[in-house]
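Asker: Starting off with a structure, shown below.
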Amino acid sequence: MTFASLRRGYQVIRTLLHYGLDDVLPPTLLPGYFKLLRLCLFWVRNRHKDKCGGERLKLAMQELGPVYIKFGQMLSTRRDLLSDEWAQELSMLQDRVPAFDSALAREAIEAELKAPIDSLFDDFDDTPLASASISQVHTATLKSNGQQVVLKVLRPNVEANIKADLELMLQVATWVNRLLGEGNRLRPVEVVEDYQNTILGELNLKLEALNATKLRNNFLDSDALYIPYVYEELCHPRLMVMERIDGIPVSDIEALNAQGTNLKLLAERGVELFFTQVFRDNFFHADMHPGNIFISREHPENPFYIGLDCGIMGSLNEEDKRYLAENFLAFFNRDYHRIAQLYVESGWVSADTDILAFEQAVKLVCEPMFNKPLNEISFGHVLLELFRTARRFDIVVQPQLVLLEKTLLYIEGLGRQLYPQLDLWQTAKPFLERWMAEQVGPKAIFKKVQTNLPFWSDKLPEFPELIYDNLKLGRKLLGSQQQMLDRYLKYQQKAHKSNFLLITSAVLLICGTILFAQTDTLWLASACLGSGALVWGAGWRSRPKNRKF
């Protein structure tokens, strides 16, 4: 490790100790002299004993800076790992940092564009529109078409700083994994690696631009979602240029009510958008917190969402999508045996899992939820509780499913904030049933046949030759297998005969040795020893020489 890494490591440990996070560890894991060591090496006392563990961790991450703040935000969505109290505290972390010098922003933008800002843009505003831990946003006007745009540029040295902190996080996670028995259940290394993949993806603004364009194309004809146009020719790994939008933050309910927005329709459209992204497009926005979502000012009676920040996107494979849809349908049909079967069939839990025990565990979690009205049941919490239950059966929650569960919780929270009476099931059920029918019904089978028709048409002329070759090969294999079986049987016969003779000779030799000690039976001892030697020789000669079949 470099000196800089050691210094940062010391700073991280000192901050964690300052907030007394060593208190949350089991006392048996820390040596008796640990408190003295803490005072001597780090000069800190725990002055936060009056605060709960979750609040202490939140304060520590705020002090450690942007990388740890975003890590805390990610942890707040892992309610399959953390208690509700800890997750709730971490969810209050805010990714807000002071803006960096606009001169540095100009320098970074011009380095990416390889051209002066004034040659491409008018009215570049040196005062940032927004500033976050990874990037900063400035406004300008495109010279080519007069369109108002925003320029999102990475902070100076952000990549090096993030990678250094990630390396340290992985080392700490590895240590925790070894130290704690609980560490195996929490899987700290897996959690940090998941976060690493997420945040490193956010460092590539060119990738974010491609994600935004793909999502925009998926909803070009939609009256429910609008994604701002991205100027891909001006986008680079450290710079993204996109259309500037004017909308109302989704969390500003007062402003939405003031313009007469149809909140019921808006809430229902949010649910439909989620299921459309997941099941129709298999490409969903996985960071749909209120700061990334705005509502159109036009047509408040027919409102649409405006989505920003496509740095984190998710997708599921076809099987996971089907299992997920069946899971939801089975839950609302109260078919807990089917839910347990689906978890095993999907590979989310081990095939040797006790289905009946798992079914009972699922029933204990799900059945109390039906005491609530349907419009109070949360899909996200259903999925979350199923993950928590399955974790007791050694489930490894896939990162994409965690992203989906987090997104579903966001969507539900927003929907019920907009319209508290939102009946999620009433909105989602027709969509899920229609999607399932499309996947397994006659139309789906015909579509799959139609899709694969060119391939099979190309292969059809080869079928007679393939059948003949396979029959010929099968005949050869059958003959060779019969020969191998014959050789194996002969080998076994020889081996049994040899073993029998060798065991018999051993018995004769032992008996001869015992009899030899008695002077009145020397003749019998000699006979046993001689016979034993002869039988041993016969057994040795008859043993099989070749084990190859």
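Each residue's number is its place along the chain shown, starting with 1.
Just so it is clear, glycine is given a Cβ too, placed from its N, Cα and C backbone atoms.
Sharing the record's features from Swiss-Prot:
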{"type": "DOMAIN", "residues": "123-501", "note": "domain 'Protein kinase'"}
{"type": "BINDING", "residues": "L129, A130, S131, A132, S133, I134, S135, Q136, V137, K152", "note": "ATP binding site"}
{"type": "ACT_SITE", "residues": "D287", "note": "active site, proton acceptor"}
{"type": "TRANSMEM", "residues": "499-519", "note": "transmembrane segment"}
{"type": "TRANSMEM", "residues": "520-540", "note": "transmembrane segment"}
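Let's see these features in context: how buried, what's close, how far.
Answerer: Within the same chain, residues at least 6 positions away in sequence whose Cβ sits under 8 Å from that of V137 (ATP binding site) are P128, L129, A130, S131, V150, L151, K152, V153.
On its own chain, D287 (active site, proton acceptor) has D309, G311, I312, T407 as residues at least 6 apart in sequence with a Cβ closer than 8 Å to its own Cβ.
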Asker: My understanding is the cutoff is Cβ-Cβ under 8 Å with a sequence separation of 6 or more in the same chain; which residues meet that for S135 (ATP binding site)?
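Answerer: Once residues fewer than 6 apart are set aside, S135 (ATP binding site) is near K152, V153, L154, R155, V158, L205.
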Asker: Give the sequence-ordered set of same-chain residues, not counting L129, A130, S131, A132, S133, I134, S135, Q136, V137, K152, with Cβ within 8 Å of the centre of the Cβ atoms defining the ATP site.
Answerer: P128, V153, R155
Asker: Provide the number of Cβ atoms within 10 Å of the Cβ of L129 (ATP binding site), excluding the reference atom itself.
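Answerer: Step by step: centre on the Cβ of L129 (ATP binding site), count other Cβ atoms within 10 Å, giving 14.
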